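The structure appears right after this line, and notes come after that.
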Amino acid sequence: MATSTKIKTRRSSSRSGETCDSFKINTTSYNLQEDSDGLQSAVQQNSSTATNAVEAAQDQAYHGSLWAKVERNQIPLSRNLMILLYTLNMLSSNANIINFTSKFLHLQNQVGYNSQGKPIYDIHIDDIYFVINWVITVTFLRSFLMKYCFGPFAAKFCSIHSRKAKIRFAEQSWSFVYYSISFMYGVYLYLDAPYYNNLDQIYINWPNFVMDARFKSYYLISMAFWLQQIFVLHVEKPRKDHYQMFSHHIITCCLIIGSYYYYYFRIGHLILMIMDSVDIFLAAAKMLKYAGRLVACDAMFVLFLVSWIALRHGVYNYIFYHAWHKSVHLMQDGECMVGSVQKRCWTPTVINTFMGLLGGLQIITCIWMYLISKVAYKVVIGVGAEDVRSDEDDTDFEKEGEEDKTGVFEENEGELYGDAYGDYEDEEDEKEIESDINDTTDIVIDVESEVSVYEMEEKEDVS
C-alpha cells in the first residue's frame, strides 16, 4: 500500500514537473517571440533612421554643389543677361554688335512674303541665337512668376503654409500657365494650317515648306522651353523619377530639333499639341492636390486620365501609324538620289531614326501609364490621387506647417525655393543633419549588438 502511494506520488510529481517544464517552454517561446518582434521593430526603426541620415547626407552634398548655386541665382543671372542683351542692341553704336544681338531678338532668314503680304521664313543656323534668348527668358519668367505670383497666391488664397507645398504649387502653376498658352496658340495655328484635318498634307510637297512668323516663333519657343526643362531638371534637387524625366526630355528635344532641321515640323506641331493638352490637366490636378482640394483633385485626375489615354495613346499612335505607312510614299520626290540637289532629302536611316524616337517616347508614356493606373486604383478605392513624381514628404502639409506657418514668403529670395534657393535650412536643421550622419555608425553597432544579445538568449533558452 505504501509502495503504491509512493508510485502515485512520483507519477504526480513527474506530471507536475512536465507541466512546469511545458509552462517554462511556452513562456520561453513567448519571450523569444516578444524579443524577436522587439528586435525587428528596433531594426526597422534604426534602418529608417539610417535612411534618413543617408538622405540628409545627399541633401548636404547637393546644397554645396555648383547646380545648387545656379539654382539659387536663377533670377539675377537670367535678368542680368537679358538686360545686357537688350542694352547692347538698343544703345550700342557698333553695327557689328547690333547685328549680332539682333540674332537673339528677331527671327532670321526671311525668304519672301505670302499671298497675304506677311513675311515668310525658312530655317537657318542662326535660329540657335533666338532659341538661346528664349531659354534665358523662360528661365527668368519661371523663376520670377514662382516667386512673386504663384507662391504668394498659394499662401493667400489656397491656405498653403508648408514651404515645400508652396514650392510644388508654384512649379505646377507655371506648368499650367505655359501649357495652356502653348496649347491654345498651337490650336490657333492648326486651324489655319494646310494640314488641318488632313494628315497627308504633313508630307505632301516635302521638304519645300516655309513658315510665317507666328509658326516659326511658336516652334522655336517650344524648342527653348524643352531645352530649359533639361536645365531645370539638373539644377534642382533630383527626384525619384529623375532618369525617366531626363530620358523623356532628351527624346523630346531630339524630336523637336531634328524635325525642325529636316522640315518635319508639321508633324512636330501635332505632337506638341497632344502633349501640351494632357499636361494642362496634369498640372491642374497637382495644384489642387497641393492646395488640399482632394475632391476636385480626384475629379481633375479623371479628366487627366481620359485625355491621357485618348490623346497620348489613341491619337498619338494613329499619327505614328500614319507616318509609318504613308510618309515614305507621300515623300517619294524627296528621296535622296545621286546627282540630285535638294535642301533636304530622306533616306531609310533618317525615317527609321525618327520613327524610333517617336516609338521611344511612346514607351516612356506607357511606363507612366502604368504608374498612373496605380494612382487611379487609389482613387477608386477612396485613397485619393497621389503625385508619383514627388518625394514622400512633399505632401506632408501638417509636418511642414509646423516649421513654416507664416502663410507668406519671406523677404529673402532663398525662402521661396526652400532647399535650393538661398540658405536651404536653418541652423537647427543643419545640426540635425550632422547628428543623423554621426549617428549612422552608432545605429549599425546597436543593431549588431541587439542581434548578438538575441542569439545568446536563444542559445541559453535552448540549452
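Cβ coordinates come from backbone N, Cα and C, glycine included.
Lifted from TrEMBL, the feature list:
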{"type": "COMPBIAS", "residues": "391-401", "note": "compositional bias 'Acidic residues'"}
{"type": "COMPBIAS", "residues": "410-420", "note": "compositional bias 'Acidic residues'"}
{"type": "DOMAIN", "residues": "167-381", "note": "domain 'TLC'"}
{"type": "REGION", "residues": "1-20", "note": "region 'Disordered'"}
{"type": "REGION", "residues": "391-420", "note": "region 'Disordered'"}
{"type": "TRANSMEM", "residues": "128-155", "note": "transmembrane segment"}
{"type": "TRANSMEM", "residues": "176-197", "note": "transmembrane segment"}
{"type": "TRANSMEM", "residues": "217-234", "note": "transmembrane segment"}
{"type": "TRANSMEM", "residues": "246-264", "note": "transmembrane segment"}
{"type": "TRANSMEM", "residues": "300-321", "note": "transmembrane segment"}
{"type": "TRANSMEM", "residues": "350-371", "note": "transmembrane segment"}
Intrachain neighbours beyond the transmembrane segment (176-197), with Cβ under 8 angstroms and 6 or more residues off its ends: 145, 214-215, 218, 222, 225, 266, 269-270, 272-273, 276-277, 279-280, 283-284, 287
Close approaches to the transmembrane segment (217-234) from elsewhere in its chain (Cβ under 8 angstroms; 6 or more beyond its ends): 67, 107, 127, 130-135, 137-139, 142, 178, 182, 185-186, 189, 211, 242, 245-246, 249-250, 252-253, 256-257, 260, 265, 268-269, 272
Positions on the same chain near the transmembrane segment (246-264), where near means CB under 8 A and six or more residues out: 123, 127, 206-207, 209, 219-220, 222-223, 226-227, 229-230, 233, 271-272, 275, 344, 346, 350, 353-354, 357-358, 360-361, 364
Local confidence of the domain 'TLC' (167-381) - pLDDT mean: 93
